[in-house]
Protein chains: 2
Amino acid sequence: MNDSSLVPDEALPLGFRFAAVKAGIKPSGNADFAVAVADVSASAAAMFTGNRVVAAPIIVGRKHLARSAGHVRVVAVNAGNANCATGQIGIVACQRVCSAAAETFQCEGHEVFPSSTGIIGVPLPAEKPIAALPEVAASLGATPGHFAQFARAIMTTDTRPKVACASLKLDGRLVRIAGVCKGAGMIHPQLVPHATMLVYLFTDAAIEPSGLDTLLRQSAEVSFNRISIDGDTSTNDTVLLLASGASSVQVDSTNTSFLGALTEVCTSLAKQIVEDGEGVTHVVELRIEGAATDRDALTVAKAIAHSPLVKTAWAGCDPNWGRLMAAAGYSGATIDPERINIWFGEQQICKNGGRVANFDEAAAHAYLKQREFIVRLDLGIGNGKCRFWTTDLTAEYVRINADYST
Amino acid sequence: MNDSSLVPDEALPLGFRFAAVKAGIKPSGNADFAVAVADVSASAAAMFTGNRVVAAPIIVGRKHLARSAGHVRVVAVNAGNANCATGQIGIVACQRVCSAAAETFQCEGHEVFPSSTGIIGVPLPAEKPIAALPEVAASLGATPGHFAQFARAIMTTDTRPKVACASLKLDGRLVRIAGVCKGAGMIHPQLVPHATMLVYLFTDAAIEPSGLDTLLRQSAEVSFNRISIDGDTSTNDTVLLLASGASSVQVDSTNTSFLGALTEVCTSLAKQIVEDGEGVTHVVELRIEGAATDRDALTVAKAIAHSPLVKTAWAGCDPNWGRLMAAAGYSGATIDPERINIWFGEQQICKNGGRVANFDEAAAHAYLKQREFIVRLDLGIGNGKCRFWTTDLTAEYVRINADYST
């Protein structure tokens with residue numbers, strides 16, 4: 001694969017350089033340590049996992065953002081080890097990496113934002129990324145190829161790098177947004193304002209940290225917080241948005257054009273994560289409508305997205321819509337079974353809680369054979385709605401996650 | 001298999017007769033219509049699924065119990081069709097079966113308790129069980145063989161019939177309890193006082209319906225409400241307890257000896273369901289301790305029991321305890337990661353949130369190779385605790401539930 005074609009020339013936000021090297025953390029020997037450096041201190045906003053067990057880099061990263069008042073010079077990410085459930089030793093290991101990176105890139109320790117992804121419960125070998133810092137410093141660059149290397153180094157069970165770009169003109173000048181992410185399992189982000197999905201977003205707009213935070217929350221809520229592969233919320237999920245200001249275009253939190261472009265990048269990345277989900281053979285867009293509230297719609301979407309019986313039926317291209325009804329029924333949302341209508345694409349399957357009279361099972365089965373399809377469920381109660389992206393559950397998912405050899 | 005050896009001679013409660021026939025509902029052509037008849041009207045208590053989408057027989061069964069003030073003469077169960085999401089047509093079909101059974105066995109329609117299990121969303125062919133009623137009436141009997149036939153006819157994806165018996169002496173006289181159940185998938189009963197798990201419990205004690213209800217709720221809470229195979233709560237779950245009074249021994253709701261025996265039968269049946277779970281290769285007893293409250297302990301147990309990553313790790317005999325930590329972390333229960341201790345059997349794996357210093361991965365892996373094992377997690381916060389039984393998630397589970405051919 002020609003990685004440098006992932007991102008068009010001229011699409012990268014100004015003011016950032018990227019590098020990735022093999023630090024020896026991944027057993028595969030692939031690149032596993034990625035760094036992004038802002039030429040000058042960038043405004044930063046971040047969101048982290050809602051899991052109450054959080055990894056050391058999240059504890060450290062929060063502290064650093066607080067101390068720097070939302071500014072970041074260096075993002076340092078290792079894959080192959082989550083540095084989670086590693087206690088005080090894990091925190092010290094993380095701090096050592098940050099200190100060494102600060103020295104290499106001549107900034108304050110609290111201007112370094114650390115991330116880790118990989119196995120939980122195994123001490124991070126901090127000496128490996130530290131030893132790799134000189135090579136990182138020597139190989140920094142601002143080309144699409146450098147950005148693609150960053151994207152590849154942060155992968156774990158991902159099968160491909162994931163990037164998205166957008167640009168917009170504001171005040172006659174170009175503002176660029178580029179995002180990169182990883183994640184294929186343990187994917188059900190429940191980001192809280194402060195998510196093993198890692199997402200790094202870069203822009204060359206000039207935005208204050210508080211405005212950046214407002215924009216990030218709105219974009220993440222309708223993208224990363226609307227996907228699930230397996231319903232497991234990670235201990236390491238992180239979304240970081242950096243603004244270099246290098247375009248010299250001022251943007252504030254009320255700029256709907258910028259918010260639109262940012263949300264477009266976030267939604268693209270969120271969908272790419274679902275599409276690359278572990279063992280996935282079907283990607284499903286759920287459209288829940290007619291709920292009492294938007295929250296109820298999301299509750300129903302999550303119950304469906306997390307139902308092993310629904311997900312295995314999808315794996316089999318099985319139009320067993322009764323499993324959708326059952327999941328809606330136990331979701332906890334307000335429902336009236338006799339008002340429920342269900343469509344697979346354009347084909348109505350269920351009307352007022354029962355099978356449609358002209359049910360065409362063969363057509364329904366054929367529709368579900370597509371890799372991507374839409375399931376629409378109208379609860380018939382109110383105006384609450386949501387879109388949500390999820391996957392089937394396959395024997396391959398089980399194989400990937402049950403694979404253990406001693 | 002010699003089915004009549006499932007239940008010892010003399011173990012069946014007096015006052016009941018059983019039969020099962022092939023009514024032609026199961027595509028396999030196996031027995032699929034089972035009936036239990038009380039010689040005289042039996043006291044009855046029932047619990048049903050907490051799912052808001054409920055099958056027609058549950059709607060009808062609730063009405064019948066209300067109208068009969070908790071009395072049942074005939075239990076009529078079909079397998080192969082859940083009669084759920086079938087609308088008004090499904091209710092009418094259920095009522096037709098009840099009326100025909102009432103006529104056959106000479107009782108009131110509301111003294112017939114209906115159940116269905118099988119596929120959701122397909123109209124029940126009521127004419128099939130109705131046509132089979134004469135054969136049922138001709139083949140009723142009170143032998144262990146008849147009881148075993150009942151147990152086999154209600155099976156769907158179950159691989160074996162499930163029964164349990166207990167007896168106790170009260171006032172110098174023998175009181176018998178026998179239970180029969182089915183269920184292997186869509187198992188996460190959340191029974192509410194009024195649960196496709198079907199459980200029928202019979203006793204020859206003399207107990208008023210209100211007392212029977214109190215006893216059933218207590219027993220079900222620590223047995224059927226403490227198991228999960230896939231986290232999907234069915235639309236048809238039903239637990240019915242009938243008391244014939246034929247032993248002439250009076251029992252009231254405060255009888256702890258009877259409650260103990262009933263709970264023993266319920267716990268045995270609940271575990272048999274888990275052990276026969278779809279595609280199961282490991283049965284896991286979770287012991288959650290040290291939670292802030294018993295409710296929090298149950299919350300953690302359910303998060304672990306429903307985590308695809310935990311369940312697939314178990315399928316692979318993988319001592320990846322970090323996935324247990326992650327599930328506890330996102331459960332919503334009050335936790336402090338640094339107070340968490342985890343044991344696989346007698347082997348401590350995690351101490352104060354981190355891997356034990358002398359972690360013996362090979363020993364942990366060997367322990368998890370057993371078909372049944374115990375995972376104990378102490379949250380270190382309070383005195384809340386629970387036991388919960390669950391399973392691994394295997395490629396075979398996916399195969400069973402994704403199997404669809406048109």
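Each Cβ is built from the backbone N, Cα and C atoms, and glycine gets one as well.
Some features that TrEMBL has for this protein:
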ACT_SITE  A:Thr196  active site, nucleophile
BINDING   A:Thr156, A:Lys182, A:Thr196, A:Glu278, A:Asn401, A:Thr406  substrate binding site
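A distance below 8 A between C-beta atoms marks A:Asn401 as the binding-site residues from A:Thr156, A:Lys182, A:Glu278, A:Asn401 lying next to chain B. Fewest Cβ neighbours within 10 Å among the binding-site residues A:Thr156, A:Asn401: this applies to A:Thr156. For A:Glu278 (substrate binding site), applying a Cβ distance below 8 Å and a minimum sequence separation of six or more within one chain yields A:Thr157, A:Ala184, A:Gly185, A:Ile229, A:Asp230, A:Glu396, A:Tyr397, A:Ile400, A:Asn401. In this view, A:Lys182 (substrate binding site) is surrounded by 28 other Cβ atoms within 10 Å of its Cβ, with every protein chain counted. Reduced to three states, the DSSP call for A:Lys182 (substrate binding site) is strand. In the three-state DSSP reading, A:Glu278 (substrate binding site) counts as coil. A helical conformation is recorded for A:Asn401 (substrate binding site) in the three-state DSSP classification.
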